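**Student:** Mind looking over this structure? Questions follow.
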């Protein structure tokens, strides 16, 4: 007799690990509903969260639970005995990231496998971030600048609960110990009465995107981009299909993030205000752990909107704990490169990760170089307000953001160099050519053709 997971896998065509993952994310909803009705001590709440979170990991990965338990033990040891030492952050950083990379080395393959390393990469950021927060709090205390954002070293139970929070233990989102402490102590309760309705909204959005992903992946599967039929398409249609495929692929991540966010909302974790009650209620006050800004994502007109709206909490984590810590380089470009390199390493060893984040660097830099030139030219701005021109620009930018998002995503999904390089040759390296020209040729050409509007001060100098 088939077990339920095996039966669902056979029915849907998905793998058993994928079915377990989705079931676990959905299981967090009733767990959150039960938690909302717990009227008990913080210790019991922590125990409930810890036990249910551990059970979810065991359901998915069985004995491989020991990897995350070792991480928690190492974090507890380092936080306890090195809390006042400058070695806390480097030791935590090296241990957690090093362990993850060793895990990648022994488990990696040419395809995406749902293994213990997937939740472990979420855990790694959470525990490294905790070490940073403890270290930063120590610095504030030494400088007599203690404030309500300072955190103490958590107890072992609190650390386990923070690490294995059921709604985020498998796929995120990231959140700080400070947020968790305020949540579990009840500081958010009076502001989260609308959580069930907001959670239902996120659940429905997630379910919708999951259905679209499943249907879309049948229309434009990964295998199509490697097929002779794709090679026979016209140059334009290759980019259309590349964009459709990329969009469908992104919906896979969006769906699971929305479902996970809904569960976190139901628990009551996601109140957005750092200091509860200091401002008037807003309908989006429960979006403090959102990983995808659907409205921004679906209305992108530049790649900067993707960065703003996609994988929000991870991007915020990297900005706070990597990008800003590279300030000593005195160069934003180098800091940006360093942050993206960290993201690539965090994902694994496949060449596709490094190519995708290099493409992100190129396209964001291109947009930052070109956009100010267009914005500073009054004639261009007037022209862009013409109805027909505005419509044409809208269509072009939609094609640009959707088709070339697919271009950037190809290495990330196909991982293996021979696969993504083959697809790049089929589309004749269009994205690479565009981004290289955008970084090195477009700016001087546009500056020559579209000089910035003269300022009154410059006009006065010329008159003299």
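Backbone N, Cα and C atoms are what each Cβ position is placed from, and that goes for glycine too.
TrEMBL annotations: computationally assigned, not manually curated.
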**Student:** Do you know which of 227-249, 250-272, 273-295, 296-318 TrEMBL annotates as transmembrane segment?
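**Tutor:** Checked against TrEMBL: transmembrane segment maps to 250-272.
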**Student:** Which of these ranges is annotated transmembrane segment in TrEMBL: 87-106, 107-126?
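**Tutor:** When 87-106, 107-126 are checked in TrEMBL, transmembrane segment belongs to 87-106.
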**Student:** Give the one range among 18-35, 87-106, 333-356, 391-415, 421-442 whose Cβ atoms make the most pairs under 8 Å with those of the transmembrane segment (250-272).
**Tutor:** 18-35
**Student:** For the transmembrane segment (87-106), I need the partner stretch with the highest count of C-beta pairs below 8 angstroms, choosing only from 18-35, 47-67, 333-356, 391-415, 421-442.
**Tutor:** 333-356
**Student:** Let me spell it out: take the transmembrane segment (391-415), skip the flanking residues so only those 6+ beyond its ends count, and list any with a Cβ under 8 Å from a Cβ in it.
**Tutor:** 110-112, 222, 225-226, 239-240, 242-247, 249-250, 300-303, 305-306, 350-356, 359-360, 363, 384, 423-424, 427, 430-431, 434
